[in-house]
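These features come from TrEMBL:
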| type | residues | note |
| --- | --- | --- |
| DOMAIN | 6-240 | domain 'Plant heme peroxidase family profile' |
| DISULFID | 16-93 | disulfide bond |
| SITE | 43 | site 'Transition state stabilizer' |
| BINDING | 48, 51, 53, 55, 66 | Ca(2+) 1 binding site |
| DISULFID | 49-52 | disulfide bond |
| BINDING | 141 | substrate binding site |
| DISULFID | 178-204 | disulfide bond |
| BINDING | 217, 220, 225 | Ca(2+) 2 binding site |
């Protein structure tokens, strides 16, 4: 953890000037092979960044990573891409660039490669020497959590409710396993569009195959845009988040 660290966008300018280009190349190659990988890298960064210390990445003889925490087990992916980027960076700058920084940069690059926003990444994180399955399982928000837990969980990280709404927009890209929304699409509830639910049932049959994948956004499934918020207002989303967001927050984001 580096709550008091002095991060800088030019942290590696002298010690590893080609680091960002090297990371970008690895991410570009990965996303060109599989568009979904962009979503996976963004999610991986988010799941690490309730610490931002690379404790979700590979284990070492002295560190048990958070890979097998319930929030990550069987769903978090993209580890190989960060490992590839680290390996390439190590060829020219051994022992200089942290895995935590590589993951942060990779998520930014993944976003831009699928039409999403770019931002300046402040660098200088140090990789954790410890990890906590308990914190990974208790701090990360889950798909079935009530609203108050979402709000309090983000608040613990210094993020407002509006920040939470904005970050939820990353659900515009990527896929989810059927078991996460199976009950919702078969509920005949008023909080989900009936036609949307019917369409999703074809991919997620009522019996078995609950590990099937379905895109989060039917309109632009491989593009990071603001369709998630439009879908949310039309009740065309997997997760029961329609009650989370006020109209003012959504309107602010619908650019």
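Keep in mind that glycine also has a Cβ here, set from the backbone N, Cα and C atoms.
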Quick one: pull the CA-CA distance for residue 220 (Ca(2+) 2 binding site) versus residue 43 (site 'Transition state stabilizer'), whole Å only.
18
How many other Cβ atoms sit within 10 Å of the Cβ of residue 55 (Ca(2+) 1 binding site)?
28
Within a 10 Å radius around the Cβ, which one of these binding-site residues has the most neighbouring Cβ atoms: 53, 66, 217, 225?
66
Tally every other Cβ atom lying within 10 Å of the Cβ atom of residue 48 (Ca(2+) 1 binding site).
26
Within the predicted model, mean pLDDT of the domain 'Plant heme peroxidase family profile' (6-240)
90
Cβ neighbours within the same chain of residue 49 (disulfide bond) - under 8 Å, at least six residues apart
104
Using the alpha carbons only, what distance in Å do you get between residue 51 (Ca(2+) 1 binding site) and residue 178 (disulfide bond) once rounded?
29
Proximal residue to residue 55 (Ca(2+) 1 binding site) among recorded positions 141, 178, 217 (C-alpha distance):
141
Near Ca(2+) 1: residues not in 48, 51, 53, 55, 66 with Cβ within 8 Å of the site Cβ centroid are 49, 50, 52, 54, 56, 57, 65, 100, 128, 131, 136
Once 217, 220, 225 are set aside, which residues in the chain still have Cβ within 8 Å of the Cβ centroid of the Ca(2+) 2 site?
172, 173, 219, 221, 222, 223, 224, 226, 227, 228
Using a 10 Å cut-off on Cβ-Cβ distances across all protein chains shown, tell me which of the disulfide-bonded residues (16, 93, 178, 204) has the largest neighbour count.
204
Taking every protein chain in this structure into account, which of the binding-site residues 51, 141 has the most other Cβ atoms within 10 Å of its Cβ?
51
Which residues, sitting 6 or more apart from residue 43 (site 'Transition state stabilizer') on the same chain, put a CB under 8 Å from its CB?
76, 78, 170, 174
